[in-house]
Amino acid sequence: MSTEVTDATFEETVLKSDKPVLVDFWAPWCGPCRMVSPIVDQIAEENTEKLNVVKVNTDENLETASKYGITSIPALYVFKDGEVAKTIIGARPKPALEDELSDFI
Amino acid sequence: MTDTQLVIIGSGPAGYTAAVYAARANLSPVVIAGSVTAGGELMNTTDVENYPGFPAGVQGPELMESMREQAEKFGAEVIYDDVATLKLEPGAHQIETALGARYTAQAVILATGSAYRELNLPNEKKLSGHGVSWCATCDGFFFRNQHIAVVGGGDSALEEATFLTRFASKVTLIHRRQELRASQAMQDRAAADEKLEYLLDSEVTEIHGEDSLSGLTVRNTVSGETSELPVTGLFVAIGSDPRTSLFGDQLSLRSDGYLNVEGRTSKTAIEGVFAAGDVIDSVYRQAITAAGSGCSAALDAEHYLADLDAVTKQAEAVAAAEASQAPAPIAS
């Protein structure tokens, strides 16, 4: 399972990570987020050695969401060495997501 | 490879209603619901106030969950995967999913719905997710106290616009004509909304912004004059197009792109292939009309399968009768 990250833990868990981190920005009221969430979990389980996967609830962590200019969710951001290395906006089927994430998994 | 009687592609009101009817008729339908689009367009709406049976209204996602539950209760199997290839061959239609599952089906119901139309302007894709959006209920929250534009003049445009006034400082509705297509009830509600203003006879000609949306150029369709609208959010609600890419080369489409069916039935040009919902409906496009259309498709499929079954049984009976009349083989 992927962990929930907050404004308070984002820097430590995501920006200072040795491994690339896939951040799933979501909110409870977002239908497509609920659809893509189990797919993100699967990708997390299948790539534990290469990629950390975390979730940020944008309702509760506005600071992080606004810092990265999130205006559409689900938004999947890959952070590498503290920088945004890839952004994927909107829910996608698993093969399409794996394709987009091919540099990291 | 799984052999089935009926595969339903799509899981909006048309797909799930077809599944309820087909499952109750013991056809054990397999619904390929989509991996991230299951439940269809209503998953991105909030209050549905015109679906009969819910005097207090119902949340779109809740309604779709209930339909799924009802279909599963009677034995429909719902698969959260996407159809990758579809070969329509009477008797044994072939379906392969993105995750590699394969099915054959004696009958297929196509309920693939429609996809949001885009403005087709430069920057629209680049700024999608950075100010440009197609889903007010998903993204409205991020535009608190900001000025938002909504493009479109139908029910969904007005619904999005009134929904967005909960968050925005101001919402400008841009529509290329003077008259709105939206229902009177929707227009009355919008008229009472103080945060909503209209820019009619107008169309968006340019979308501005580098990393995020900074404004629009809007042209008056009557005078030809252009003006700048400094919005940070743009919601596009200019309708949708039928989703036919899976089968557009195998079935005949109408000149407007919708899938052709025979008269008031759900029958397509290929035997055992039926269609329902927004993919065949360019006129009404409501949850309830899609549901009704799904019901028709299930009944048409049911009759087709019953006839097929009768023909098969008759052929078997003839073969059995012939076998019994044939002289016994002579032992050598």
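Even glycines carry a Cβ here, placed using N, Cα and C.
Listed features, source TrEMBL:
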ACT_SITE  A:Cys30  active site, nucleophile
ACT_SITE  A:Cys33  active site, nucleophile
DISULFID  A:Cys30-A:Cys33  disulfide bond
DOMAIN    A:1-105  domain 'Thioredoxin'
SITE      A:Asp24  site 'Deprotonates C-terminal active site Cys'
SITE      A:Gly31  site 'Contributes to redox potential value'
SITE      A:Pro32  site 'Contributes to redox potential value'
The domain 'Thioredoxin' (A:1-105): DSSP-derived helix, strand, coil residue counts | 35 helix, 27 strand, 43 coil
Spatially closest candidate among A:Cys30, A:Gly31, A:Pro32, A:Cys33, the listed recorded positions, to A:Asp24 (site 'Deprotonates C-terminal active site Cys') (Cα to Cα) = A:Cys33
Could you tell me the mean pLDDT over the domain 'Thioredoxin' (A:1-105), as a whole number?
-> 94
Compile a sequence-ordered list of residues in the same chain as A:Cys33 (active site, nucleophile), six or more apart from it, whose Cβ lies below 8 A from its Cβ; state 'none' when nothing qualifies.
-> A:Asp24, A:Trp26, A:Ala27, A:Ile73, A:Pro74, A:Ala91
